[in-house]
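Trainee: Below is a structure I'd like to ask you about.
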């Protein structure tokens, strides 16, 4: 039998989901809510004692909670690249080979970005007639060839980099904010952030962008993909005036409360427009909470060890909620091992599209889990740069390498695991365990404090199964061309498109490409 066309595949999916109506089929809208440095333990539904996330808790009560959902990397840029490609960063190029097991991302001086050879989710969704918008942080490269509107998005309001600053526009420029193809200002200038008080109106702007886009696409009767990637919970944390000082958790809690309020507005609009049953919404975060910034500017990873920058559970296990009234039964909890890469494949399935067949796709289609409660065996791989640090299979997690950061950094105050030191586990030298991995049973020991005895039958059984999975993975792995090796002061945001109209072009320094330095 001939392969199904995209249209035939869509008809089959919509028929199975009960979404066919008179006239042409309309695939479900897709809304992905990606937070920045938000921890697993920041949601009331996950046990945060202040219970300051009523809308997210309601979202979970009306949908499906995933307690075992993971990012693809303990850092922002590689995780976002994995979400939009469905592929591990080691495959899509979002890693560095400048040093062993180093986290890398896309600061202003990076020369690399998302390769044209990668197929991004919005590019593929266009084939099914979707209109695509990104709101917030892109972080997959800021040079012209990496612009999100060149990679499938139709609209953009947000920034190419994180909201670090303010800078003097001499040694380093302030980060631009874009409206579609051109900048419309810069952070700390046209888009102020008060570093002393934490006041900024950005979340309100990002929320209104989302609401306006939904209303416009509903009026057009056009299926839409909204990628809402806001960064209020990334240090320096910010919140708007009406939320500052309202949380029991300090400024970080203020930001979480505002995000929760915004999520409530988005879900309410979908319901008021009568399109909630035809809109799939998923909430998660790019990596674990940055404990180094806690408590005032960092979140909670609940019972899990360490945080952002590490491949312990606190660095990569994320809050995750799926919401789709009328399709995902209310009040469900799934212990399926999920990954941020699954959002790529699941979204394609919703649109009636198959993932690309010319490359390895790491993301799974979670619709069978969400709609029918099916469980799938799959490993979770924990990479740090070019190094496979750990793997989880079922309840067992095997550490092939352990490292938090160097003793030098640690003694100078950089601590990714404050108050959580575990002897022989949270090491400050790179320790190899590939012959005899440290293995933990995450069901009994979610904090990774008590490794199984090497001599136990349980260890030997877990080792046998884990070793097979790792060997199969590494045997077939073809790493992508590393994108995060070369830096250059001349490629920073000196003169973004549109700067001429605003009189905000800056003169770049001489181009001097050099190897990026990644400390940890």
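Yeah, the Cβs are placed from backbone N, Cα and C, and that goes for glycine too.
Not my notes, these are from Swiss-Prot:
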type	residues	note
ACT_SITE	76	active site, nucleophile
ACT_SITE	139	active site
BINDING	36, 37, 76, 286, 287	Ca(2+) binding site
DISULFID	306-417	disulfide bond
DISULFID	487-516	disulfide bond
DISULFID	499-505	disulfide bond
CARBOHYD	201	N-linked glycosylation site
CARBOHYD	421	N-linked glycosylation site
MOD_RES	76	3-oxoalanine (Cys)
REGION	24-377	region 'Catalytic domain'
SIGNAL	1-23	signal peptide
Trainee: What's the most sparsely packed of the recorded positions 287, 421, counting other C-beta atoms within 10 A?
Mentor: 421
Trainee: Average the per-residue pLDDT over the region 'Catalytic domain' (24-377) and send me the rounded value.
Mentor: 98
Trainee: Cβ within 8 Å of the Ca(2+) site's Cβ centroid: which residues qualify beyond 36, 37, 76, 286, 287?
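Mentor: So the extra residues in range turn out to be 35, 38, 71, 75, 79, 231, 234, 285, 308.
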Trainee: Listed recorded positions are 139, 421, 499, 505; which of them have CA atoms within 10 A of the CA of residue 36 (Ca(2+) binding site)?
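Mentor: Of everything listed, nothing lies within 10 Å of residue 36 (Ca(2+) binding site) (Cα to Cα).
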Trainee: Here are some recorded positions: 76, 417, 499. Which one has the most Cβ atoms within 10 Å of its Cβ?
Mentor: 76
Trainee: Filter the recorded positions 139, 286, 306, 499, 505 down to those whose C-alpha lies within 10 angstroms of the C-alpha of residue 421 (N-linked glycosylation site); answer none if the list is empty.
Mentor: 306
Trainee: Using C-alpha atoms only, work out the spacing between residue 286 (Ca(2+) binding site) and the residue listed as 'active site, nucleophile' and round it to an integer in Å.
Mentor: 6
Trainee: Helix, strand or coil by DSSP: which one applies to residue 487 (disulfide bond)?
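Mentor: It is in a strand.
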Trainee: Could you check the recorded positions 36, 139, 286, 306, 516 and say which one's CB has the fewest neighbouring CB atoms inside 10 Å?
Mentor: 516
Trainee: Quick check: of the recorded positions listed here (139, 287, 505), which one has the Cα closest to that of residue 487 (disulfide bond)?
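Mentor: Answer for the nearest of the recorded positions: 139.
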Trainee: Find the one among the recorded positions 76, 139, 287, 499, 505 whose C-alpha lies closest to that of residue 417 (disulfide bond).
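Mentor: With Cα distances computed to residue 417 (disulfide bond), the winner among 76, 139, 287, 499, 505 is 287.
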Trainee: Return only the integer: C-alpha distance in Å from residue 499 (disulfide bond) to the residue listed as 'active site, nucleophile'.
Mentor: 27
Trainee: Out of 139, 201, 505, 516, the recorded positions in the record, which is closest to residue 287 (Ca(2+) binding site) when you go by Cα distance?
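Mentor: Comparing Cα positions, the candidate nearest residue 287 (Ca(2+) binding site) turns out to be 139.
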Trainee: List the Cα distance (Å, whole number) between residue 201 (N-linked glycosylation site) and residue 76 (active site, nucleophile).
Mentor: 22
Trainee: For residue 505 (disulfide bond), which residues of its chain lie six or more apart in sequence with Cβ-Cβ distance below 8 Å?
Mentor: 494, 495, 499
Trainee: Can you figure out which of 37, 76, 516 (the recorded positions) comes closest in space to residue 306 (disulfide bond), comparing Cα atoms?
Mentor: 37
